[in-house]
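Dumping the structure here so I can ask a few things about it.
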């Protein structure tokens, strides 16, 4: 029986009966009779009257209920589970479930167990413990009690600070005392997070051995460093042996408040995580919970369909693979002997971080250090201090008078430069201390008037002094280089550190205060103390893959985190094959929305299944638990999907919103102020995790593979070849109705984390990123973010530093360029930015030969130059250091930019330049690695390592050319890029001429490849011919090589960059097989629905087959009729109708959002919560009939909406007419017997709407919905000739295609400034010249129209003539040459009208302003559009409008149209 005390107190029976529990009456422990309100008042009345009150002792029946131990434990448990304070979520008030007499039991236990303290101390402790933190009841009883005398109240406690303890309580670094089976005696006092008191733990109490202390989990090796006692010792107790993690979780709330009185700074003992035996290999497979449908619940039938067949929790786990806990003494550095026998600190650096504003001149290096005593690696942080700014002053030849702006005749010496810096510059910029010396440096970049080799004054001073202006000039010096070079760059370059590697720190210093969350912290007082250790393999890393589920709060529309799951591998090797399985431990934590409750049996279900699930009462508790686990596990790499642009941002925002302490545990650097979140580059989110690298598999997949979208479901299907079920966001709330549903939700999150980890392993993301980083010499965390431009930049930086060159300073671009400074990938994502950049870098690209369109059924040879542009750079020694660029004066004198000045090729006798040398190194190293791969009996791990290395070398070498032509690159050199492409065009034309001289027909060529029609059906002869051409071409070059890329058995060549072919693949037995290859066709683009793609694939397969023409036409006809019927009767799955289109910018940044279907749907998705789509993401949508008369573009819906809304149905006519018909019609153009009318008839469409004609829309217009009337302005005028006008001041050609440049806050009028950054003259100052140029362009277009050239629609004919033929067909004049097809105008009336509309559009400022938001409109009007500027715009617009008024194209004369009908009436 449980012990029951006979207290000398009187309890009212009614109080017991009302509450059903003694707990209801124990808020105040007053020894007063409570037999009834009336009797109490009567006694009070008598007492006031002066009557003597006699105490009567009555024989009372026992008010205690006698129960056995098991019943009492259940009662205590039930009270703990009860949320007895409404909406309190257990924070601040905690019900521990015990009776009022349990405190006395605990007092006795404390008296008997306490050691080293006298009784007084215990009594004092007991007094503190017995103060329950409860609120005063608002009733008459409270008034009576208050009247008896003033009670001493508890000191007010700041709950936000108390919640800080909740985070620490979750930190599993702290050992707990041994606990025994129930009854659980817990001190009754205020808790920080009462939610964790609920025993929704993964294990049941019977799993804990009763009465026996748990064996400590330690490695077999003895610990050489003494283990300091834990914080529990401060409370006067001996540290207990370590408990397994399972037991720690059960006892997670068993700490005293005193355990946390010690400062965090003194916590120097950390351990590696011990994984609980969540998957017990000795346990039989857990039986799944069966789910029965409840017809009364609307969502049950839907949820039932997604219940898992196999539970992911039933996986066995090998205990031997799980790392054991280790303890380290951070004050005792693991030093080893260096090369010169001195004690050094050796570590493998992984990530680096600098804070130039708060800690200038300091670089933090994060990595792993080997602990010999326990044979493992743990995290460390090395703080490198005193990295000085390094500037180079270029002296003038003659002194310069800054006042007059003229050069004097006084020669300049280096002493003069020094004195000017010492007396003027240092005083002005408060540089109190500096060092200087004379050095000789080389320069080879784009600033004119800088000599190739010269003496410079090198000046070094503390980085704590602000940097000097980038454009600083003086009387004795003309340029200053290195003003804005970062401390991190200086450190990496000067110490020759190329990517993650082993480093040694001489004379390492301990830090007084902890600066990081790492196990060891070291300080290097100067960068020279850090040196590279070569040729040592990397250590294994701790990798954590996590996934989380969010819900949108319906009130504030913020994303709230409800569950998280993580998988961890504690020894993930970077130089071997991925481990199998790719994780060793896992954990899962779940909370609930504020308006939901957990299922009543949820705790029992997870206990029964023996799962490791932590239940958190609030989101704050959940996040605190996650941060504590991250701190405990200490991962080196966090892996996720869409983690950079959504999950990490949401996590940090919720940390901020919930005021969770120690937010910086998400990274490794201790910080108090969270960086600014929400920037488009994700800069703040990346900085928050410094020290822990972020691997976003979405970013990695975009670089390594091609998919129609990069959503997790698509990646799982493409890479892992399995299906991922998606839980709609709106169904998550309903999953809290039953344990089985909630369990499935957690399993879904767990599986997502596993999918993410598997994708990372399948793509070899980490080993590849490491190899690329070691080649380029940048930072691995940036490589994982996909910055190709930055990789090239660092590779060249290392090369030029090593060769004593001054490198270009980083340019701070104004407006959109600032955003591109960190993220070069946006070149692909934002077309507007890309176009703006290219205005300053316009040069001719690769040559594309005109295709001889048609179907070829003889063998076609495809010859391809290997790595054309890198090979050209090597072949002709094209480099910054070898090519003499034309002077700026010559460039300004060039009026026609299209006839750009191509620099001369360098002298063949010149020494090889740095750029070709670096490319050659990469090529040669790749060849060596490929040779090593051919060795016999290689270890599979070594083969994989070699393969990853050669792939990294190839990726790096092929991207080297890009830095020359990318206008935001630090090494941007337009003349060099133009020279490379010029030589590429020249080589392709020369190769074409050579092949034609061999009496062979070249039918197509594109940049680095040509197609040759062999007119042969003998494969052996074809290869002989190919080898002959190959040898003839290769004779001309030393390094350039052309090779046979493919042989096509048949080829359907439609237009430039568009063809389909059957590729021949020889087999070992002398025969061959064929494989279909598609290039540029609609069916390989993602903005066509799968139904159209599948139909197009079938048609192509038929055309390329060996069947007769009649059979092909018949098969196509049958298939199209079948498809038309299936679409109309609704037997086609909805997924076949989904159209995918990529966002080129964030959805909210589009000015005309309604007319763009993917933008409209993206905004809806973002409003729903669960995920966030942004620039670069792909949006799926379907076109539906919704009962409205809106255009197709405005009837686009997300697939989820189609499933939910009953009034939506697939728009079958749209898909047949606008998706399937155009795709099939384009493919069948060269095929006799099939035309657009027949295709329409077969699909069940109205054939009168179609006529035989050539589709001349560009590939971008192909994907648009509903025709020209529904196009946006950008898409409507995409093919128009851009308006160009030379700047009278600088001669730069300005290109205008819109009223505004830039977007968002960076928007400004296109006429506001010249595209030449150095030109200060605005185009608004020469409006007369601009108007005259516009009139001349319009007249030229009109003349072109009236020239009246006609061309034949037949692709194989293409005749061009001006004389109108006499023979006409129903569709127009017949071509007199081929007599098959009709003639069409080369420059149609529609083209002329569209061009005139475009000229009006680019100067219609009033219309453009109306499309903006009110805020943007007011800002632009105030800043850029005074009345005078608006009038200038209107004048130019009126010119185009005047010419348009003369055109009759847009007008319909109704009187003429209905003249016949009017006469009849």
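Note that the numbers count up from 1, one per residue, in the order the chain is shown.
Cβ coordinates are placed from backbone N, Cα and C, and glycine is handled just like the others.
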Write down the residue from 230, 721, 992 that Swiss-Prot flags as N6-acetyllysine.
230
With respect to Swiss-Prot, which of the residues 215, 537 bears the note phosphoserine?
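Out of 215, 537, Swiss-Prot attaches the phosphoserine annotation to 215.
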For the feature N6-succinyllysine in Swiss-Prot, which residue out of 592, 974 does the record point to?
974
According to Swiss-Prot, which of these ranges is zinc finger: 1194-1224, 1225-1255, 1256-1286, 1287-1317?
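Result: 1287-1317 is the stretch Swiss-Prot calls zinc finger.
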Quick one: sort out which of 74-104, 105-135, 136-166 is the region 'Disordered' according to Swiss-Prot.
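Among 74-104, 105-135, 136-166, the range Swiss-Prot annotates as region 'Disordered' is 105-135.
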Could you measure between residue 1378 (Zn(2+) 2 binding site) and residue 1290 (Zn(2+) 1 binding site) for me? Cα positions, answer in whole angstrom.
52
Name the one residue among 1287, 1290, 1314, 1319 whose Cα is closest in three-dimensional space to that of residue 1375 (Zn(2+) 2 binding site); these are the binding-site residues.
1287
Applying a 10 Å Cβ distance cut-off over all chains shown, what neighbour count does residue 1319 (Zn(2+) 1 binding site) have?
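Summing over all protein chains shown, residue 1319 (Zn(2+) 1 binding site) has 17 other Cβ atoms within 10 Å.
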Tally every other Cβ atom lying within 10 Å of the Cβ atom of residue 1290 (Zn(2+) 1 binding site).
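There are 17 such Cβ atoms around residue 1290 (Zn(2+) 1 binding site).
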Sort the binding-site residues 1287, 1290, 1314, 1319 by C-alpha distance from residue 1352 (Zn(2+) 2 binding site) and give me just the closest.
1287
Using DSSP, tally how many residues of the motif 'CysB motif' (1352-1378) sit in helix, strand and coil.
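When I sort the residues of the motif 'CysB motif' (1352-1378) into the three classes, I find 0 helix, 8 strand, 19 coil.
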Taking the Cβ of residue 1287 (Zn(2+) 1 binding site) as reference, which residues of that chain separated by at least 6 in sequence fall under 8 Å from it?
1293, 1294, 1314, 1316, 1319, 1321, 1323, 1326
Whose Cβ lies within 8 Å of the mean position of the Cβ atoms of 1287, 1290, 1314, 1319, the Zn(2+) 1 site, other than those residues?
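So the extra residues in range turn out to be 1289, 1291, 1292, 1294, 1315, 1316, 1318, 1320, 1321.
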Which residue, out of the binding-site residues 1314, 1352, 1375, shows the minimum number of other Cβ atoms inside 10 Å of its Cβ in this structure?
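Per-residue Cβ counts within 10 Å for the binding-site residues 1314, 1352, 1375 bottom out at 1314.
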So if I draw a 10 Å sphere around the Cβ of residue 1378 (Zn(2+) 2 binding site), how many other Cβ atoms end up inside it?
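So the number of other Cβ atoms within 10 Å of residue 1378 (Zn(2+) 2 binding site) is 14.
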Mind tallying the zinc finger (1287-1317) by DSSP state, helix then strand then coil?
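Secondary-structure composition of the zinc finger (1287-1317): 3 helix, 8 strand, 20 coil.
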